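Positions annotated as phosphoenolpyruvate binding site by TrEMBL: Thr142, Gly158, Ser161.
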Amino acid sequence: MAVDLIVPMKPPAGGKSRLRGALHGPWDERRHAALVLALARDTLLAATASAGVRRVLVVGSAPATLDALRDLDVEVIGEEAALGLNGALRAGERLLRVSDRGATVGALQADLPALRAEELAAALAEAGDRRCFAADRHGTGTTLLVSAPGQPLDPRFGRGSARAHAESGAVPLTVAVPTLRGDVDTPADLEHARLLGLGTHTAALLGRECVPH
């Protein structure tokens, strides 16, 4: 199975507001944006290295702010901010299906700095031909949603998305993939990711030792 992934992103300077203050010293917009981009780079490096991933599409309302990601093996496109997260994912899905109507499409969060390629591959392998999702470590959010081949992704991201996805018929993944479930919204989440082993970009920014992918 080959999966085409959509990774939605807000402009880095304005995203991840609950992480403000996670870096040492006074808050600075440029340093905050650098942190958000580091989280994304480590996520995307793992995603593009994962078996089973064919294509990675980064979707953002201000694509120029994501130029730092263009050196990775990903495509970066713009979308209307008014669409919201789920609207952006549906827009990305429509674009991907232009070239392959029968594609398996997935949505991956951009804040998984400890993500290991082999864990993402294991999750995709368990999903197989089913519409599935991976809940976050708290069991309430969603870090990965995958469609069945040629079928709608039908994203339900937002508060309580794990329950919303389950109620919509998506099957929860049970494979042990802690780095896929370790999304980062708060300083406590960032510390949890550090314990899992940060990717090189986030680790370098924080000045901490990392475990290589």
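The first residue you see is number 1, and the count goes up from there.
Each Cβ is built from the backbone N, Cα and C atoms, and glycine gets one as well.
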Secondary-structure category, per DSSP, in which Ser161 (phosphoenolpyruvate binding site) falls: helix
Cβ packing number for Ser161 (phosphoenolpyruvate binding site), 10 Å threshold: 22
Among Thr142, Gly158, Ser161, the record's phosphoenolpyruvate binders - longest CA distance, Å: 9
Thr142 (phosphoenolpyruvate binding site) - helix vs strand vs coil (DSSP): strand
8 Å Cβ shell about Thr142, Gly158, Ser161 centroid, phosphoenolpyruvate site members excluded: Gly141, Pro155, Arg156, Phe157, Arg159, Gly160, Ala162, Ala164, His165
